[in-house]
Amino acid sequence: MAAMCRAAAKQLVDRAVGSRAAHTSAGSKKIVGVFYQAGEYADKNPNFVGCVEGALGIRDWLESKGHHYIVTDDKEGLNSELEKHIEDMHVLITTPFHPAYVTAERIKKAKNLELLLTAGIGSDHIDLPAAAAAGLTVAEVTGSNTVSVAEDELMRILILLRNFLPGYQQVVKGEWNVAGIAHRAYDLEGKTVGTVGAGRIGRLLLQRLKPFNCNLLYHDRLQINPELEKEIRAKFEEDLDAMLPKCDVIVINTPLTEKTRGMFNKEKIAKMKKGVIIVNNARGAIMDTQAVADACSSGHIAGYGGDVWFPQPAPKDHPWRYMPNHAMTPHISGTTIDAQLRYAAGVKDMLDRYFKGEDFPAENYIVKEGELASQYK
């Protein structure tokens, strides 16, 4: 009976894939992009393409090919601009920085939808099993902002260890109190830094940490190349719970999945060394929000930094805004001007392939023909 059910389910997916894929190269397409609004900053840099006004720099190209391109930042609720176009759009482009949450309900409404593109990395704002069941293709621009995020992680580690923010705030307020900063400022050299996840971003971070003469640890489902491991002097830790108490600094570099959602709860945080620094540019929902705030207040976490929240944009009463010793910002690490140009080019390339009925680079697929990429399974 179970085998028959699985076979029936596969036939449904196959039919959905076939029916939607059949339309990929025919006629004009309606493409909707959801990006953050730039407002007064839109004209300050000609390469600022990742915003509503910049529209990834592809409007003229799309319209010259006869396609209809709608761009908005209005994405929440039944009366949003996005909702108006769900039923007849063919392609939805969104970003992790201003995510349009693509739920199973929205997918069910989207009768013409064929392709979901993420301008950047990380497609957890999409209900991936629902997308797979509906025969949709989901893809992102793999590698487009890995350097940007890794650099940002290193910056936040240093900001928190050196107790930089209180010093900056003193200057702004016209104060001068060296002791108020120095009593909890530390060097990075000699500290043990562990990354939870050693994919593209995690490996880049480890490489950038090597010159600081840290003790480098990493936990991942797969061990990295032995030659690279030796070159950067990083040690593989198979058991996450065994790695956590060894670390002075912990960096989260794992994707958000059902397995990692809420992974760092009160119990997991309690396993960490008292006075630990945590940097999380992965996804906010990997952390238990209140557990992090409580641990910062108690001093168990000496500093927490990152640019990811749940939900996004973060509400004004989000507890991370008000907890002590944090280095939080809006979701900015992967949307530098350099990263924007890379992911805009990647989106244009995939749209061009889509119009021609060609495959995308294999590493870009998150859902293809009813199958999820391995990291989301």
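Yeah, the Cβs are placed from backbone N, Cα and C, and that goes for glycine too.
Bear in mind that TrEMBL entries carry predicted annotations, made automatically and left uncurated.
If you look up TrEMBL, you'll see 63-359 marked as domain 'D-isomer specific 2-hydroxyacid dehydrogenase catalytic'.
The substrate binding site annotation in TrEMBL covers Ile121, Asn145. Under 8 Å, Cβ to Cβ, and six or more positions away along its own chain, Ile121 (substrate binding site) finds Pro96, Glu140, Val141, Thr142, Gly143, Ser144, Asn145, Thr146, Val149, Gly334.
Residue environment of Asp307 (NAD(+) binding site) contains 25 other Cβ atoms, counted within 10 Å of its Cβ in all protein chains. Look at TrEMBL and you will find Thr146, 200-201, Asp220, 255-259, Asn281, Asp307, 331-334 tagged as NAD(+) binding site.
Summarising the annotation, TrEMBL assigns domain 'D-isomer specific 2-hydroxyacid dehydrogenase NAD-binding' to 155-333.
The number of other Cβ atoms within 10 Å of the Cβ belonging to Arg283 (site 'Important for catalytic activity'), over all protein chains shown, comes to 24. According to TrEMBL, the feature site 'Important for catalytic activity' maps to Arg283 (among others).
For His331 (among others), the entry in TrEMBL reads site 'Important for catalytic activity'. Spatially close to His331 (site 'Important for catalytic activity') yet at least six residues away along the chain are Pro96, Phe97, His98, Asp307, Val308, Trp309, Gln312, judged by Cβ distances under 8 angstroms.
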Length of the line joining the Cα atoms of Lys259 (NAD(+) binding site) and Arg283 (site 'Important for catalytic activity'), in Å: 13
Select the most exposed residue of Ile201, Ile332, where exposure means the fewest other Cβ atoms within 10 Å, treating these as the binding-site residues. Ile332
Cβ contacts within 10 Å for Lys259 (NAD(+) binding site), all chains included, total 12
Rounded distance in angstrom between the Cα atoms of Ile201 (NAD(+) binding site) and Arg283 (site 'Important for catalytic activity'): 13
Students should find that the Cα atoms of Arg283 (site 'Important for catalytic activity') and Ile332 (NAD(+) binding site) sit apart, in Å rounded to an integer, by 12
Taking the Cβ of Pro255 (NAD(+) binding site) as reference, which residues of that chain separated by at least 6 in sequence fall under 8 Å from it? Gly122, Asp124, Gly197, Gly199, Ala282, Arg283, Gln375, Tyr376
Mean of pLDDT values spanning the domain 'D-isomer specific 2-hydroxyacid dehydrogenase NAD-binding' (155-333): 97
